[in-house]
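Chemist: This is the feature table in Swiss-Prot:
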{"type": "BINDING", "residues": "MET39, GLY195", "note": "substrate binding site"}
{"type": "BINDING", "residues": "LYS115, THR168", "note": "ATP binding site"}
Amino acid sequence: MQIRQSVKFKKPLIHYITNPISINDCANMILAVGAKPIMAEHPLEVSEITSISESLGINLGNITDNKMKSMLISGKTSYEKKIPQVIDLVGVGCSKLRLDYAKKFISECHPNVIKGNMSEIKAIYGIKSSAKGIDVGECDIITEQNFDENIEMIKRLSMETDSVVAATGVVDIISNGTYTYIISNGCEMLSMITGTGSMLTGIIASYISSGNILEGTALAIAIMGICGELSQNVKGTGSFRNELIDNMFSISDDIIIKKIRINSY
């Protein structure tokens, strides 16, 4: 839990270029874990903003020409200055524009973390996926039957890109090619409100700011799942959203240790 307490103590500045659909919730979630968000996206200022930040988050949801330009500028600045960065592959399974752009970004900016659902991870690896818009396709969901082959693919992608790869879903797989974590926390309601994946990327950006990339990514994913579990006994999805942010703000180390379901592979 040292990573979590370090973020609360240091309050790192997190530059997150994300989509307008969830930008407010993303900023609030970064605040909830103790970091400070800045959501700048103008091409003429993003390099300067990234330079003074401790971490960078890149989200491919709802992209535009200007935002694509800004993301590449920030990504290159982050790489040059050794600032940790995470890219969220939103929609690369259903959009050639996003897929081609994501490949270019990974090649030129070398993000520390590549995050996506299994459809998005398969697409970036070069395997045909069955993505349903930005959601994971039914055929791509991790099952007992395809578990081992998906882990091997994730490990290979990690080694090829020199990035931690985080495949999120009912079961989360996080790997740096050598060490792999399997996380089984979460609940169905996390997929029933928009933006929870984008919020998670903001938390990952916050937790990797210390430079502990694999553990920071795994911790962020586990805590998001636990907070989902703690928040689900509510009237509906609107209440769930608010409860999720509240639990992220107030959750204790003791509850995390008690509820975390994580295994190494």
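Yeah, the Cβs are placed from backbone N, Cα and C, and that goes for glycine too.
These figures come from a predicted structure and were not determined experimentally.
Could you tell me the structural context for the features on the list?
Modeler: There are 18 other CB atoms within 10 A of the CB of MET39 (substrate binding site), with all protein chains counted. Reduced to three states, the DSSP call for MET39 (substrate binding site) is coil.
DSSP gives THR168 (ATP binding site) a strand state.
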Chemist: Under DSSP, is GLY195 (substrate binding site) part of a helix or a strand, or is it coil?
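Modeler: The residue in question, GLY195 (substrate binding site), is coil (DSSP, three-state).
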Chemist: Between the Cα atoms of GLY195 (substrate binding site) and THR168 (ATP binding site), what distance do you get, rounded to the nearest Å?
Modeler: 14
Chemist: Return the residues near LYS115 (ATP binding site), defined as same-chain residues 6+ apart in sequence whose C-beta is under 8 angstroms from its C-beta, sorted by sequence, else 'none'.
Modeler: VAL86, ILE87, ASP88, LEU89, VAL165, ALA166, THR168, LEU200, THR201, ILE204, THR217
Chemist: Fewest other C-beta atoms within 10 angstroms of its own C-beta: which of the binding-site residues THR168, GLY195 fits that?
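Modeler: Checked THR168, GLY195; of these binding-site residues, fewest Cβ neighbours within 10 Å: GLY195.
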